[in-house]
Structures are given as structure tokens and as C-alpha cells.
């Protein structure tokens with residue numbers, strides 16, 4: 001990276017107070033869900049907090065759909081790309097939650113982004129360099145599964161501007177935990193602090209008889225956190241309502257504030273806020 | 001057909017053309033010098049080497065999905081296990097019965113199956129077969145796979161890591177190198193009837209590389225996995241566009257985690273509801289590709305998978321096993337059909 005690029009990046013990142021990565025070795029464990037819900041939850045927790053979400057999953061961007069803004073486009077101003085705003089219901093200021101994703105740059109939602117590493121690298125660099133976030137309290141960066149190009153790029157680019165750390169998402173299954181162990185070692189190797197582990201899809205309460213079944217077994221996340229001596233942030237149960245809210249792009253926390261999943265999400269958010277001293 | 005890159009201008013002659021870098025339309029193109037050097041006309045020798053190495057394999061398919069965690073590895077391993085079972089077990093299982101031990105017939109035709117895991121950053125296949133502690137060995141014939149049983153061979157990067165928790169922090173080119181070696185240097189035996197290739201999520205290096213190398217080597221096609229959710233279907237739509245773009249046939253779409261049957265009250269809940277899009281079946285219809293079937297969520301199945309057991313063998317009465325049997329049959333029919341078309 002040239003010095004010019006580096007200084008531009010540092011300047012861009014200097015208006016963002018906290019930078020949080022959401023990582024997982026395995027796919028489909030709920031990284032994007034945790035990212036969006038955490039962003040919502042942070043923004044809803046206080047009226048003067050501004051949150052951004054950056055989706056660096058170049059080949060499978062899901063964030064726009066989950067936020068219900070998948071039909072939007074990105075505009076440019078003299079300062080750079082303007083991220084797409086998300087309106088929170090009951091909020092007059094519509095400038096408190098915004099998002100940047102490659103999904104906004106595609107012609108059709110069926111378009112496959114068939115790119116090798118170097119092209120993904122430049123796209124991510126451009127996202128970080130050219131997006132005009134303005135002043136943000138927190139930027140949540142959602143990543144694809146694995147420990148490859150996207151992750152190495154992020155770690156390299158953000159090294160100077162010091163991210164607060166990474167939230168690791170897992171399901172309780174053995175297969176997922178094995179991949180997540182790799183991800184934690186990745187963080188250690190690259191010097192990214194781990195903020196904690198979230199266990200997603202923890203158990204399913206049958207809506208008919210309320211019997212709780214641990215479809216993907218249970219408790220694995222807590223054990224993992226103990227093993228690596230990192231914080232365990234919480235367990236989010238499987239909730240069909242959460243899944244359908246995402247499909248429809250509705251705000252789950254505002255639609256079902258009383259559900260067990262929403263409560264647990266709030267809990268997790270509070271722990272993270274304490275951890276990064278955003279109070 | 002021109003091999004011009006998709007983002008080139010419309011008059012691009014393509015890097016393989018004799019005119020590459022010299023045509024009038026090349027003026028001002030950033031790749032002009034590279035094209036003029038003739039590098040683009042050089043064939044990668046590995047393409048032909050892999051074609052040779054793959055001659056012993058009758059059917060090869062990719063298991064793809066745009067989204068992670070939808071069950072690619074689970075499906076790949078269960079498909080391979082099902083393909084490796086003999087006809088007697090299969091026909092018993094069709095009636096929902098487990099086969100007896102004395103049913104084993106020594107001189108029956110044995111189907112040779114191989115599984116290749118090209119998910120290099122998150123290999124789950126060793127675990128799915130209960131082979132975590134195995135290693136790949138090198139002989140003068142090539143790399144020899146780990147064997148789940150006599151007629152089921154498995155290759156994964158998981159067998160090459162000194163420590164299971166070690167992350168593989170590799171950028172694309174290094175991944176491509178290893179995939180090339182897997183395709184070229186593994187000694188699968190004298191012949192294989194089926195090779196199932198499990199992939200990571202997405203449409204990036206691993207996928208481009210494997211398709212590039214296998215295009216010349218008679219790839220049967222891809223099986224695309226999705227869950228019923230809209231979010232997953234959106235990613236899978238991209239995967240189907242990818243297949244179209246790189247011109248590989250789609251054997252069909254499988255919808256996994258279709259519903260959950262509560263073990264207590266037997267009431268079925270659609271955890272991952274298809275809301276607008278109608279799930280996998282609708283998706284297959286839209287893209288004009290076959291829909292192979294739905295596999296419901298079943299905690300027992302999950303257990304069997306994590307312990308490296310074939311669900312068809314272990315619990316033939318489960319709805320998931322019956323669904324899988326149907327799908328395997330369809331895959332077999334499809335690929336045989338494809339093969340007949342090819343030979344004439």
C-alpha cells in the first residue's frame with residue numbers, strides 16, 4: 001500500500017470511533033444476522049448513536065436484503081460514495097444507520113460476482129477508502145466465511161487504524177466449532193483482539209408443544225470460549241420469526257421486542273458496548 | 001467464440017487470438033503489453049495433465065452453493081456414502097428396512113467412490129467421515145487418499161494440517177495451486193465410478209479454478225444446495241448464474257433443512273420459511289433446471305452425519321433418508337443419461 005493510500009485510509013477511518021469485525025470460520029452460522037441485529041440494537045439503544053455496516057462478502061452479499069434496502073443504489077458525492085441509509089421506525093433522523101455493500105453496485109440481484117482474490121482485494125480497499133461514512137460511533141464489518149483474501153486484506157488495511165476487535169459467531173455443532181477454532185487462531189496470528197463468542201441457533205422451541213430441541217446440539221460456544229479464555233457473549237435461540245423478518249427486510253427488534261431472541265440480542269449488545277466502552 | 005474477458009470492450013479480440021495486443025482495438029487497453037507478449041496463448045499444461053488423470057473417473061460432480069452452512073458438506077458426504085452402498089442395501093432401505101449382515105454378498109459389483117474437498121479454509125469433510133486423525137500419504141503413483149472403507153476414498157486439506165485448529169491463511173493463488181495438485185496428483189486407484197467434489201461457499205478462486213481444470217475433463221455437472229430461506233435463495237441464484245456463465249450443466253437443485261419435525265409432538269415447523277420466492281423448487285423452475293428434492297431437518301440425521309455414518313444405512317425409516325434415496329436415484333439417472341449422450 002502506498003503512503004498516499006495509507007494516509008487517505010487513516011483519515012477516512014479517523015471519523016469512526018469503533019470498528020468491529022464479525023467473523024466465523026463456517027458459513028451460514030449467522031454472521032450477517034448478528035451484524036445487522038447488532039447494528040440495529042446499537043442504533044436503537046440511544047438516540048445519538050450513528051452506526052454503519054460494511055459488507056465485505058463480495059460473492060454473497062446478504063446485508064442489503066436483511067436490512068430491506070436491496071433495491072437501493074449508491075450515489076457519489078465529492079467526498080466519495082454515500083452509503084445507503086436505513087430508516088428506523090419511530091425515528092425522525094434517518095441518518096443513524098447506513099450500509100455499504102457490493103449488492104448496491106450490481107445490475108441485477110442474480111448477477112454472480114465471479115472474481116478471484118486480487119479483484120476482491122481492490123474492491124474492499126475501495127470500500128474502506130472511498131465510502132463517506134461521516135462521523136460514526138461504530139462500524140460493523142460483516143465478512144464471508146473462511147480465512148482467505150477478504151480477511152487478510154481487512155487485517156492488512158485496518159492494521160494502522162486499529163480495529164476494536166472481532167466478534168466470532170458459531171453454531172453449537174462440532175463441525176462449526178472446528179472451523180471457528182481456526183478463526184480464533186487466525187485472529188491471534190494477525191493480532192486482532194477477540195471481543196467474544198456468540199452462539200447462534202442454540203435451540204428450537206416447538207411452537208406447538210414448547211419442547212426445546214437442540215437441533216444443532218448446545219453449549220459448544222461456551223466451552224469454546226472457556227478453552228480459548230475469551231468472553232462468551234450469549235446464546236441466540238433459533239427463531240423462525242427472526243428468519244422471516246430478515247427475508248422480508250423487517251426490523252426484528254422493533255417487530256418482536258418481547259421474544260427470547262430479541263432479549264438475548266439486547267444482552268449481547270450491552271456486553272459489547274461495555275467491552276468497547278461505548279456507553 | 002472469442003475468449004475476451006467480460007469486462008473488455010466489445011471489439012476485444014481476446015488474449016488467445018493471434019491479433020492479441022496488435023489489433024487496432026487494443027490501442028489504449030491496459031492489458032495491451034501483456035496480450036502482445038503472447039502469454040495469453042500459452043495453454044496451462046496442467047489442463048491436459050488433469051484431463052489425463054481424470055480419465056479413470058466415470059462421473060464427476062461439483063456440490064455448490066452460494067451460501068455457507070446450507071449443508072454442502074453434509075450432502076456431499078451422504079451422497080458419496082449412498083453411492084457406495086450396494087444395490088441390496090439400497091433396495092432394503094427403500095422399504096424402510098436396515099439390511100442384515102448376512103445380506104452381504106462378496107462378489108457383487110462394487111461402486112468405487114471418491115470425495116474431494118476443495119474447501120481449503122474450512123474443511124469439514126474429514127469430520128463428516130470420522131477420519132480426522134488420518135493423513136495423506138505419498139507414493140510413487142501420487143498422493144494416496146484416506147479410506148473410509150474399501151470403496152470410498154477421501155481427500156481433503158484437513159489430512160495435511162499438523163494441528164486441526166491451524167488456520168489456513170492463504171490468498172487465491174496458493175489455493176489454486178493446491179487444487180491443481182489435488183486434481184492432478186491424487187492416485188484414486190485403477191478407476192472411480194463417482195467423484196464428488198465439495199466446494200466452499202461463493203463464486204471465487206476455488207470455483208473458477210476447479211471449473212477451468214475440469215471443463216476439458218468431462219465434468220458431469222453441478223448439484224446446487226439451498227435452504228428454503230429467501231436470503232439463501234438469493235445467493236443460490238447467483239450460483240446458478242455462475243454455472244450459466246462458465247457453462248457447466250446443473251444436475252439439479254436440492255433444498256436442505258426444509259422443515260423440522262419435533263421429536264416430541266411430531267408437529268412440523270418450517271424454521272426457514274420460504275416467504276416470497278417459494279424456495280428451491282421455484283428457483284429450479286425459474287432457471288429451467290431439475291429440482292431434485294427436499295431434505296427435512298432431523299436431529300438424528302445430524303448426529304449420524306457428524307459421526308460419519310450413512311443415514312440410509314443407519315436409519316432408513318427417517319423421512320430424510322427416504323428423501324435422500326430419491327435424490328440419489330435422480331442423480332444417478334441424470335448422470336447416466338448425460339454419459340450416454342456423450343458417447344454417441
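Note: Cβ is positioned from N, Cα and C throughout, glycine not excepted.
Any TrEMBL annotation is an automated prediction that lacks curation.
TrEMBL has this to say about the protein:
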- B:12, B:26, B:29, B:35: [4Fe-4S] cluster 1 binding site (BINDING)
- B:66, B:67, B:68, B:69, B:70, B:71, B:72, B:73: ATP binding site (BINDING)
- B:262, B:265: [4Fe-4S] cluster 2 binding site (BINDING)
- B:1-27: region 'Disordered' (REGION)
Listed binding-site residues (B:26, B:29, B:35, B:67, B:69, B:262) that sit near chain A [CB under 8 A]: B:67, B:69, B:262
For residue B:35 ([4Fe-4S] cluster 1 binding site): intrachain residues, at least 6 apart, with Cβ closer than 8 Å: B:15, B:20, B:21, B:26, B:29
Local Cβ density at residue B:72 (ATP binding site) - other Cβ atoms counted within 10 Å: 28
Beyond the site residues B:12, B:26, B:29, B:35: chain residues whose C-beta lies within 8 Å of the centroid, for [4Fe-4S] cluster 1: B:8, B:13, B:15, B:20, B:21, B:23, B:25, B:31, B:32
Site of maximum Cβ density within 10 Å, from binding-site residues B:66, B:71: B:66
Distance, residue B:262 ([4Fe-4S] cluster 2 binding site) to residue B:69 (ATP binding site) (CA atoms, angstrom): 21
Cα proximity to residue B:70 (ATP binding site), best match among binding-site residues B:12, B:262, B:265: B:262
Of the binding-site residues listed as B:12, B:262, B:265, the one whose CA lies nearest the CA of residue B:67 (ATP binding site): B:262
Winner by Cβ contact number (other Cβ atoms within 10 Å) across the binding-site residues B:12, B:26, B:70: B:70
